[in-house]
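J.: Below is a structure I'd like to ask you about.
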Amino acid sequence: MKLQTTYPSNNYPIFVEHGAIDHISTYIDQFDQSFILIDEHVNQYFADKFDDILSYENVHKVIIPAGEKTKTFEQYQETLEYILSHHVTRNTAIIAVGGGATGDFAGFVAATLLRGVHFIQVPTTILAHDSSVGGKVGINSKQGKNLIGAFYRPTAVIYDLDFLKTLPFEQILSGYAEVYKHALLNGESTTQEIEQHFKDREILQSLNGMDKYIAKGIETKLDIVVADEKEQGVRKFLNLGHTFGHAVEYNHKIAHGHAVMIGIIYQFIVANILFNSNHDIQHYINYLTKLGYPLETITDIDFETIYQYMLSDKKNDKQGVQMVLIKHFGDIVVQHIDQTTLQHACEQLKTYFK
């Protein structure tokens, strides 16, 4: 499947298919030099898939740390200095091969190297079906996740579904959180459909039907980011579950998707408090437990600590913490939430796990 962005200009293709990696070679010839920034774990499993590409004299491989460990100032400087030592021009490509963190990091390198060079995303996880599309790139600060970054469109996204075959179950769980988030944004019928399809751990682990829902998720995100690239309006909806989730992820060092799922449950509780919504919290807890999410992290949450991270969230403004909330399916809002309500919701969340 080939999707295409529909901005007024500077559009890019998104290839979603088995064997999509073959498209990389069609781009290599266009650049003076290319640097493949590859996650160390992906390199262990799939190094041979890039042998043909690396046979080009102008293509270099840079192995970077896996996951969020790569999104540091130190790794950023080291990578830039290595690339600059090759006397690059602006007709250079940075090719990100890995999960969401790899794409974030490599994209920020591309955005800032010589004030911007070509950037190709080659996501290798389910989670990265979300982050590879839309142009958000960045690294982390001691104050929180993704606080240093840019909006920078890729030249192409090449999503080879063959990479998913070797994903450990923890990464499947983490990635499914973003697939599920897109279903929630689409509405009640889509949410019910995906819950009925991936109804237990065994089916989710098999990845049966995942191709379809990944493509749907990308289409959902494209509709939103093309309408609001710089996150002034509806693009904020894509942060569903992320305000609380990012804080939990950063403080408890758990997988991104696991934290987002906790954040999704939390926002349902906040919506119930603020709007008298009628979200069935136990339903979502039961569903996520059946899939195998380790929700016991919730019992260890200290609100005051999490709240400090929430205050650093880049979506906030002078009025304080902003959250995306599903009032009812089809009615999504971005709302300022006071500290008392946030604490009350956290206390309620923990009562489900006593």
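Glycine is treated like the rest: Cβ placed from N, Cα and C.
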J.: Given that Swiss-Prot lists Gly100, Ala101, Thr102, Gly103, Asp104, Thr124, Thr125, Lys136, Phe163, Leu164, Lys165, Thr166 as binding NAD(+), which residue among Lys145, Lys181 does it place in the same site?
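T.: For NAD(+), Swiss-Prot names Gly100, Ala101, Thr102, Gly103, Asp104, Thr124, Thr125, Lys136, Phe163, Leu164, Lys165, Thr166; of Lys145, Lys181, the listed one is Lys145.
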J.: If you measure Asp104 (NAD(+) binding site) to Glu178 (Zn(2+) binding site) at Cα, how many Å is it?
T.: 16
J.: To test your reading of the Zn(2+) site: which residues beyond Glu178, His242, His256, same chain only, put their Cβ within 8 Å of the Cβ centroid of those residues?
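T.: The surrounding set, listed in chain order, is Gly100, Leu127, Asp130, Ala177, Lys181, Gly241, Gly245, His246, Gly257, Ala259, Val260.
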J.: Is Thr125 (NAD(+) binding site) helix, strand or coil when read with DSSP?
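T.: DSSP call for Thr125 (NAD(+) binding site): coil, neither helix nor strand.
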J.: With NAD(+) as the bound species and Gly100, Ala101, Thr102, Gly103, Asp104, Thr124, Thr125, Lys136, Lys145, Phe163, Leu164, Lys165, Thr166 as its recorded binding residues, calculate the greatest Cα-Cα distance and give it in Å as a whole number.
T.: 29
J.: Around Thr125 (NAD(+) binding site), how many other CB atoms lie within 10 A of its CB?
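T.: Taking every protein chain into account, the count is 26.
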J.: I'd like to confirm something. Which of the binding-site residues, Glu178, His242, His256, has a Cα closest to the Cα of Leu164 (NAD(+) binding site)?
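T.: The answer is Glu178.
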J.: Which one is closest to Thr102 (NAD(+) binding site) in space, judged by CA to CA distance, out of the binding-site residues Glu178, His242, His256?
T.: His256
